[in-house]
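> Dropping the structure in here first, questions after.
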Amino acid sequence: MNPHALSILLSSLAVGTITTLSSSHWFLAWVGLEINTLAMIPLMTKMHHPRSTESATKYFLTQATASALILFSTITNAWATEEWTITTMNDSTSTLMLTIALTIKLGIAPFHLWLPDVMQGLNLTTCLILATWQKLAPMSLMIMTNHQLNTNLLITMAVLSTVIGGWGGLNQTQIRKMMAYSSIAHLGWMTLILSFSPSLTTLNLMIYLMLTSSMFLMMTTLNSTSINKLSTSWLKTPLLASSMMITLMALGGLPPTSGFLPKWLILQEMTKQHLGAVSTLMAMSALLSLFFYLRLSYAISLTTTPNTSNSNMTWRMTHNQMQILPTMITLTTMMLPITPTLLAMLN
C-alpha cells in the first residue's frame, strides 16, 4: 500500500478512537466509531485477495448494523429523556439496544460469528489492529455506561462468550481463528465484571491488549499462520519460540504470568458478590481455552517436523523491525508482582 495512504488510514483510526474516548455527546461518539470503521475497510482489502474482500464485506455489514443500532438507541433515548449525554441512558429500551449494538461491535457472544471468519481472511498486521485497537472505542462506551446496562444480560453474555470462546478454539488449526476465539473469551471476562468493578474491566483490557499484541508480533516475525508452520519455529528461532510459549500460558491465565492477574481479581470480586456458581462456570470454561493454548505450546516446543521445512531458515533476525517485542514479552510475563500498584492507579 502507498505509504501516504497508509499514514492517512492509520491517522484516521487514531482520530476515530480518540474522538469516541474524549466525547460526552452520543453523536460525536457515533461519528468516531464511523471514522474507525471506514478507515479499517481499506486496510482489510489491501491484499487484493477474495478472502480479504469477503472479510471486509462481512466486517462492513456487521459494523454498519451495530452503528445503525447505536444511532437508533441514542435517538430513542433523546426522544424519551431530552438528553444526548453518554452517561444519561435512562430509557430501558434504548439501553437494551445499545448493549446489543456494542456487543456486535466487540464480537461478544451470541453476536460473535463474524469475528473468526473476518480475522481468517486478513494478514497478521491487520488482525493485530482488529483484535486490539478496534476494541478500545466500543469498550470505552461500555465502561462509561456500565451503571445503566442490564447486569443479568451482561452476565449471561459473559458466560456464553467464555464457553464459546473456549469451545470454538478447540478444533482449529489456523492460529488467526484461535486468536479470534481467544478474543471472544477474554471479552467475556471483561463483560462479566463490568457492572461490579469497571476498574477491573480496564485492567483486564490493558493486559489483554499487551498479551494479544505480543502474540501477533511474534507470529508476524515467525511468519506463521497455522499449527504446521508453527512447528518449525523452534528450529528457526528457539528464543522467540520459547517466548511465544510463555505468552500462550499468560493468555491461558496461568500463574506467575501477567494473564493470571485479571482472572484472579475477577473471580475474587465475583465471590464477594455471592455469585459462586457463575465464578465456577467461568473458571471451568477458562480450562477450555487453556487446552488449545497448551496444544499450540506443544506444537511449538515439543514437536519436531519429520520432513525438511519448505521455509527459509532464519539464522539472523533483521534489526530494523519488531524492536518493541522484547518490552511486550517482558510485560507479558512480569506484571504480577506490581498488582497493588496497578490497582492503586486504576482506583
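Cβ atoms are placed via backbone N, Cα and C, with glycine included.
Just so you know, TrEMBL annotations are computer predictions that nobody has curated.
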> Any idea which of 117-139, 324-346 is down as transmembrane segment in TrEMBL?
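Result: 324-346 is the stretch TrEMBL calls transmembrane segment.
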> Where else in the chain does the transmembrane segment (179-197) make close Cβ contacts, counting only residues six or more beyond its ends and a cut-off under 8 Å?
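Non-local partners: 103, 106-109, 112, 115-116, 118-120, 127, 131, 135, 139, 142-143, 146-147, 149, 151, 154-155, 157-162, 164-166, 168-169, 172, 204-205, 208, 212, 215-216, 251, 262-263, 266, 269-270, 273, 278, 282, 285-286, 289, 292-293.
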> Go through the chain and flag residues at least 6 beyond the ends of the transmembrane segment (149-167) whose CB is under 8 A from any CB in it; none is fine as an answer.
95-96, 98-99, 103, 108-110, 112, 142, 181-189, 191-192, 194-195, 275, 278, 281-282, 285-289, 291-292
> Of the listed stretches 203-222, 234-254, 274-294, which one has the most C-beta pairs under 8 A with the transmembrane segment (324-346)?
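Maximum Cβ contact count belongs to 203-222.
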> Would you mind listing the long-range same-chain contacts of the transmembrane segment (203-222), meaning Cβ under 8 Å and 6+ residues beyond its ends?
124-125, 127-128, 131-132, 135-136, 139, 175, 179, 182-183, 186, 189-190, 193, 229-230, 233, 236-237, 240-241, 243-244, 247-248, 250-251, 258-259, 261-262, 265-266, 317, 321-322, 324-325, 328-329, 331-332, 335, 342-343, 346
